[in-house]
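Asker: Have a look at this one.
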């Protein structure tokens, strides 16, 4: 699996942080997250620095077209980078607080759009979030545990992918109920990394796009004029799967294949244009994922309608809190938030913050 360019610096930062801390593999609870248990300095820039790099669309230059053996290795390792198998069931029976999960994901995607992070960053942040929740339960304490986890996961993902990462206080935009001190967030980052067994360079659907696109009859070369449009449309679809819990059962390779089929209008059903992505990719799972995308996502993702131009319908919010709950539980797509990467997304200015006497949490 190819290493991304910023992987080395997060490991350096991690080693420094580990030297300053004890073991943090215990489950999170409201009493364990305190000023005493969550210290860490945000001075990694004094140890490792880097020059900002221009961002090229969807990190195309970072993802050379891999060979079949590399794809096989990625597929074999997918299960190590996914939530535990019973996580979907727990979301469906609401053992997991799906409303708080939905709110957290919407917030992460809004911040992703606000700072123009790459699609990989957004997907990684949700991946870390779900993998942590599949292993540990969060205490129900006025919503702050979910918010702290969201900030920590987004911060880790940004450190993995972005050439420039906002300060932790600047990352907490869009009027959060609580504003956490950097040392609190960084201690939570250590807990997340330990819970994920330090597997932060996760396999994502974006790792497969450039290889799978060469398998499509409609776009068999990277030099095609439509290549960038297909990648952009597929990326939008992949990001929107994070809002629908039913997609938790699909592997990254399955979602990548299904997103490309949706974006190009190709189909697994046409014998004359048979699509073969890879011998390890389950065609039935791709078909199921493709159908789910057509049902939930295509109409809410205008850039995914690659083959035909339609008039974009205005998005509407669920009519009530009950509607929000049903949407999160049954897997319907939350269209209240803007689509990440969309040019029509409205950016909100960072809120004013007022320090409280509590050294760990600030409440605006």
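Here the Cβ of each residue, glycine as well, is placed from N, Cα and C on the backbone.
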Asker: Region 'Disordered' per TrEMBL sits at which of 301-332, 333-364?
Answerer: 333-364
Asker: Over the span of the domain 'Cyclin-like' (106-194), how high is the average pLDDT in this prediction?
Answerer: 94
